[in-house]
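To start, the structure under review is shown below, and the notes come after it.
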Amino acid sequence: MAGLNCGVSIALLGVLLLGAARLPRGAEAFEIALPRESNITVLIKLGTPTLLAKPCYIVISKRHITMLSIKSGERIVFTFSCQSPENHFVIEIQKNIDCMSGPCPFGEVQLQPSTSLLPTLNRTFIWDVKAHKSIGLELQFSIPRLRQIGPGESCPDGVTHSISGRIDATVVRIGTFCSNGTVSRIKMQEGVKMALHLPWFHPRNVSGFSIANRSSIKRLCIIESVFEGEGSATLMSANYPEGFPEDELMTWQFVVPAHLRASVSFLNFNLSNCERKEERVEYYIPGSTTNPEVFKLEDKQPGNMAGNFNLSLQGCDQDAQSPGILRLQFQVLVQHPQNESNKIYVVDLSNERAMSLTIEPRPVKQSRKFVPGCFVCLESRTCSSNLTLTSGSKHKISFLCDDLTRLWMNVEKTISCTDHRYCQRKSYSLQVPSDILHLPVELHDFSWKLLVPKDRLSLVLVPAQKLQQHTHEKPCNTSFSYLVASAIPSQDLYFGSFCPGGSIKQIQVKQNISVTLRTFAPSFQQEASRQGLTVSFIPYFKEEGVFTVTPDTKSKVYLRTPNWDRGLPSLTSVSWNISVPRDQVACLTFFKERSGVVCQTGRAFMIIQEQRTRAEEIFSLDEDVLPKPSFHHHSFWVNISNCSPTSGKQLDLLFSVTLTPRTVDLTVILIAAVGGGVLLLSALGLIICCVKKKKKKTNKGPAVGIYNDNINTEMPRQPKKFQKGRKDNDSHVYAVIEDTMVYGHLLQDSSGSFLQPEVDTYRPFQGTMGVCPPSPPTICSRAPTAKLATEEPPPRSPPESESEPYTFSHPNNGDVSSKDTDIPLLNTQEPMEPAE
């Protein structure tokens, strides 16, 4: 029995020497003993509240508590009232190190007590080191080094390092870090506070860092980041995302192999309100003759740097009333130099105006793998992932990128007119400059914003090659397209996407538009010769858009209304001027039976008008069915005018035009031949009769006149042949013969259409006569559908006075006042000239 008691005593002594002991989990008993003057405090407290129904307590001598504090020189034995205390409690072990009253314990830092002797709770080891301002402290981290994370981020293994510094009595957060990074050392002065957070299941039993003594660093801190190969690091200013301490200095030292290149890009930053000094970043770059190089935070940062370099952030004296905050988050990317980095490209924009060129990364899915960055460098030094070049200068750029297909270009140019008297009839070419085409980066968009004075001028686009409108039935298969849309902020109007190789000869638009050349394949470089638009400023017209279409006899033309996916905007009118060659017939086909539009206010109309005869059909789109396929022998208009539709019932129409050769009916030819033969025989018979009568007259002797003075020599009056008076009939009114009936062959245009000039009606000039679209009915009217209604031309001249014997005018439906028609045949008068 004595031997047994001796063994128990030895075992208990061993537990005390270790400082803490844990009994088997079944007993759930723990003992923690802290040596005297160790400056260690252990605190067990409730962690994040859980939804567990049954609470858990710390049990000491049958007392149930929720928090336990153990100080130096104390020994406590305790248990938990539950089987899973890690779900309820956390443990903090804090060691205070005072370097101001005695020597500092420099070297590797140990975990005390050992994690193997502590309860299986989430653990936080804290080292709080206080030192003089003149003493620098350096935290050295063993491999794997640290990686800084931002707010809301977490470490994959749950192990985090929280590091803080001190400015007088104020604690400053340097940052939160995970394992597997590039941060190897952090230097501070006036003290440091290091917290290591370990999850309850993690087996780690070493701190992973050491403390060294250094001279004063004369700044808040210095963070060293070491790159052994290609990689990237994201770093943040102190207190991020809150404000950087006022008038402080923080430095990052980067160790980069000489054969690699480093580039810096700012991901996020804010500036405070400075009273004195200026917030800035300073670089110490190897080989630079101007070290340190000073940049503003909004400047493009250096890139393509070889070897080690330093980056410092300098604050300022802030405004006491409105200080604002200074903060910075940036990324350093290290990679091998690329061949393109040694090649300089010249982009000459000195002759351009109101133009900007942006080179930027394509949108890609994020990957956890390291991907070498793509940078574009200005003058080989200022590098960033985005670079914007402006007009008026000549620029030299190079690329630091392993794959240039990861970049693309977007260009914007504004062509505006402020004085309509100067701009009218002026033309501008919309072409991509050759300097841009020669760059090794693919062009994505080239946008021209075309601006005109409101209600003064309109625009016309004429392509180098006729355009095809992109539709689902006939998509564009070229390497680029033109996207035409309104440039008025309050107007949602997209005319469509167009590519070369179609039948659209020109596009007229009423007001400001944006024309965007968008490429879809690298082959655009080979097809660049096909691109080219000419824009001209023309007199103002009220149509939102007019498309001039000259269909090809070999293919079907598909056309659709603007805003196909959203519907034609309210109260918008668009027209298509469709030319039909003389020897062709056009078939107009709509692809659905009804338009589907439901008008909230007003009416939606479609007008199909023959340009030669002015015959037109008017359809109410919100009531009528769309017309069935119709054939047109001459050029014609299609006009579509929208109402204010209800939500979800928008107006969108798709139609096609197909040309076929014109054929003549054999029956018509036979009838014409027979009729011609009859007329010829009748003419021959009439000629024979006239010849015979003439011969009879020549056989008679000369006539002898005898004077008789009892005979009245006055010519007798013409007896009345009309029972009505002059006022009762239109005998004095002659119908005017239309010019097109007499001079029709002189009024035909190149496409065979008749151009009928308008008379006695003033309209603003809208181009060549006959190119004006039909005017839609009043939007709020309820006019029924009119079929083939020939337009009556207005009178050609003012009405004549009633005293004139003859009047040339159009038929008048009004009453004609009665006048005497008895006029002596030998006393006739010449008609008077019409009054001007």
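Cβ coordinates are placed from backbone N, Cα and C, and glycine is handled just like the others.
Since the structure is predicted, the reported quantities are computational estimates derived from the model, not experimental observations.
Now, the feature entries from Swiss-Prot:
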SIGNAL    1-29  signal peptide
CARBOHYD  Asn39  N-linked glycosylation site
CARBOHYD  Asn122  N-linked glycosylation site
CARBOHYD  Asn180  N-linked glycosylation site
CARBOHYD  Asn205  N-linked glycosylation site
CARBOHYD  Asn270  N-linked glycosylation site
CARBOHYD  Asn310  N-linked glycosylation site
CARBOHYD  Asn386  N-linked glycosylation site
TRANSMEM  668-688  transmembrane segment
MOD_RES   Tyr734  phosphotyrosine
REGION    776-836  region 'Disordered'
What's the CA-CA gap between Asn180 (N-linked glycosylation site) and Asn205 (N-linked glycosylation site) in angstrom, rounded?
18
Provide the number of Cβ atoms within 10 Å of the Cβ of Asn310 (N-linked glycosylation site), excluding the reference atom itself.
17
Secondary structure at Asn122 (N-linked glycosylation site) (DSSP, helix/strand/coil)?
strand
Cα-Cα separation of Asn122 (N-linked glycosylation site) and Asn270 (N-linked glycosylation site), in Å?
36
Taking Cα atoms as reference points, which of the glycosylation sites Asn39, Asn205, Asn270, Asn310 is nearest to Asn386 (N-linked glycosylation site)?
Asn270
So for Asn386 (N-linked glycosylation site), how many other CB atoms are inside 10 Å of its CB?
13
Cβ atoms within 10 Å, counted per site: which of Asn39, Asn122, Asn180, Asn205, Asn270 has the most, among these glycosylation sites?
Asn122
Spatially closest candidate among Asn39, Asn270, Asn310, the listed glycosylation sites, to Asn205 (N-linked glycosylation site) (Cα to Cα):
Asn39
Secondary structure of Asn270 (N-linked glycosylation site) (DSSP, helix/strand/coil):
strand
Between the Cα atoms of Asn310 (N-linked glycosylation site) and Asn270 (N-linked glycosylation site), find the distance and write it as a whole number of Å.
21
Which whole-number value in Å describes the distance between the Cα atoms of Asn270 (N-linked glycosylation site) and Asn39 (N-linked glycosylation site)?
41
